[in-house]
């Protein structure tokens, strides 16, 4: 089971984290490449406005690709299987790496845009299908701990991208095309290791009706002596579904039986993206400068933020013992607290010499709190747990689509929020975090150590009233 999590993670959420991270290091080199290419074609320099536009397209087309990937990921998981969809997804990543790698020697920045779009599609599919596979192969008592693989590989990808992007490695002017094309290595790794593992047993039995292959997969994952209970659980879910076909995303919106599950996924997904973590990373450089850290050393200090989030993900397997509900409420409440502290410390940054150090401590505390709650993979765990087999792929498509739209929206609006409110922007995120914590407290039941059918019964009371 552990090796299966690693095999799906390296080509799944690791790719997302890695490709979000590596684009920051070569920013100036790509600007220079765009200028030189434009000058050689048109014999005049690129205007600053057009340069900003081209760079914005290169940076943001990734999220557009991710949106497309999220939209087709569920359909691929149904048609090709969870494992088949992940394997096929690596072809997209390899093609994207080739296009980004040859953009500089060919002098075609358009290939860079296409490559970023394709790697966005790869990330969108990976984020959709990876937690779907993990959620379906995990026994219910290990589901929370195994789902941490999603968060661990995502934060590991961010940290790896930050390290590889340092000028001592591939972040220098000479090697930046290699940096952008290096995402082919996780794809090759998954193509090498994932074929050794079985397809999702739930998919094999419920969607394909292949009882023999399901039994073989369960024995491989859970052992010959332990697989019986999982087999019975899958058969009960299959009987409850009574041959129900996989649903389309739009069918979930009209199904009263999953109304509150769907609302939960939408609120949790939006809450994760709009929680203020992007503002924290935006303000990190400014705060480090105020604390007296030289500009040359700031990239190395910024590694600490990535390491901090990665460490939290690694140590957050305690979620399996504490429960999803308490951890996510606690994470959002702590983020609310650190937003207050950070707002005060930034307000008095110029007046007191100790204020920048309080701000630095608040940044790391906020990131730890994010990793404890919304960033710990709980959202993906809940999406797997709140829906039965026929609705699960469609739920992941909806959750992924909401996530990428929120990611794109915050990327577009965030500069205006910061320019308008300055450090008071954290008051907006404070309100958002406290509202999500209240929603979780009032609506979401604990799902730890419960089967998918038991969780469905819990939500039945919300969807149809207490007396039904």
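Backbone N, Cα and C atoms are what each Cβ position is placed from, and that goes for glycine too.
Unlike curated entries, TrEMBL annotations are predicted automatically.
Per TrEMBL, domain 'Major facilitator superfamily (MFS) profile' is recorded for 5-448.
Positions annotated as transmembrane segment by TrEMBL: 53-73 (among others).
Residues 8, 11-12, 15, 33, 73, 76-77, 79, 111-112, 114-119, 121-122, 125-126, 129-130, 133, 176-178, 180-184, 186-188, 190-191, 194-195 of the same chain, all 6+ positions outside the transmembrane segment (85-105), place their C-beta atoms under 8 angstroms from a C-beta of that stretch. The annotation transmembrane segment is assigned in TrEMBL to 85-105 (among others).
Counting same-chain residues at least six beyond the ends of the transmembrane segment (111-134), those with a Cβ under 8 angstroms from any Cβ of the stretch are 4-5, 8-9, 11-13, 15-16, 19, 23, 30, 57-59, 61-74, 76-77, 82-83, 85-86, 89-90, 92-93, 95-100, 102-103, 146-147, 149-150, 180, 183, 187, 200, 377, 380-381, 383-384, 392-393, 396-397, 400, 403-404. Sequence annotations record features per position, and here TrEMBL assigns transmembrane segment to 111-134 (among others).
Per TrEMBL, the feature transmembrane segment maps to 146-164 (among others).
Annotation comment: TrEMBL describes 176-197 (among others) as transmembrane segment. Long-range contacts of the transmembrane segment (176-197) within its own chain (CB-CB distance under 8 A, at least 6 residues past either end) are made by residues 3-4, 6-8, 10-12, 14-15, 18-19, 22-23, 25-26, 29-30, 83, 86-87, 90, 93-94, 96-98, 100-105, 112, 115, 119, 122, 157, 164-165, 170, 220.
Listed as Cβ neighbours of the transmembrane segment (326-348) (distance under 8 Å, sequence separation of 6 or more from its ends, same chain) are residues 268, 271, 275-276, 283, 287, 316, 318-319, 355-356, 358-359, 362-363, 365-366, 369-376, 378, 423-424, 426-427, 429-430, 433-434, 436-437, 440-441, 446. Feature annotation from TrEMBL assigns transmembrane segment to 326-348 (among others).
Marked as transmembrane segment by TrEMBL: 354-373 (among others). Cβ atoms under 8 Å from those of the transmembrane segment (354-373) belong to residues 151, 155, 275-277, 280, 283-284, 287-288, 290-292, 304-305, 308-309, 311-313, 316, 327-332, 334-335, 337-339, 341-342, 345-346, 348 of the same chain, restricted to positions at least 6 beyond its ends.
Marked as transmembrane segment by TrEMBL: 394-418 (among others). Cβ atoms under 8 Å from those of the transmembrane segment (394-418) belong to residues 60, 63-64, 66-67, 69-71, 73-75, 77, 124, 127-129, 131-132, 246-249, 251-252, 258, 261-262, 265-266, 269-270, 272-274, 278-279, 282, 379-380, 383, 386-387, 425, 428 of the same chain, restricted to positions at least 6 beyond its ends.
Same-chain residues lying 6+ beyond the ends of the transmembrane segment (424-444) with a Cβ under 8 Å from its Cβ atoms: 260, 263-264, 267-268, 271, 274-276, 279, 324-325, 328-329, 332-333, 335-336, 339-340, 342-343, 346, 374, 382, 417-418, 462. The transmembrane segment annotation in TrEMBL covers 424-444 (among others).
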Mean predicted confidence [pLDDT] for the domain 'Major facilitator superfamily (MFS) profile' (5-448): 87
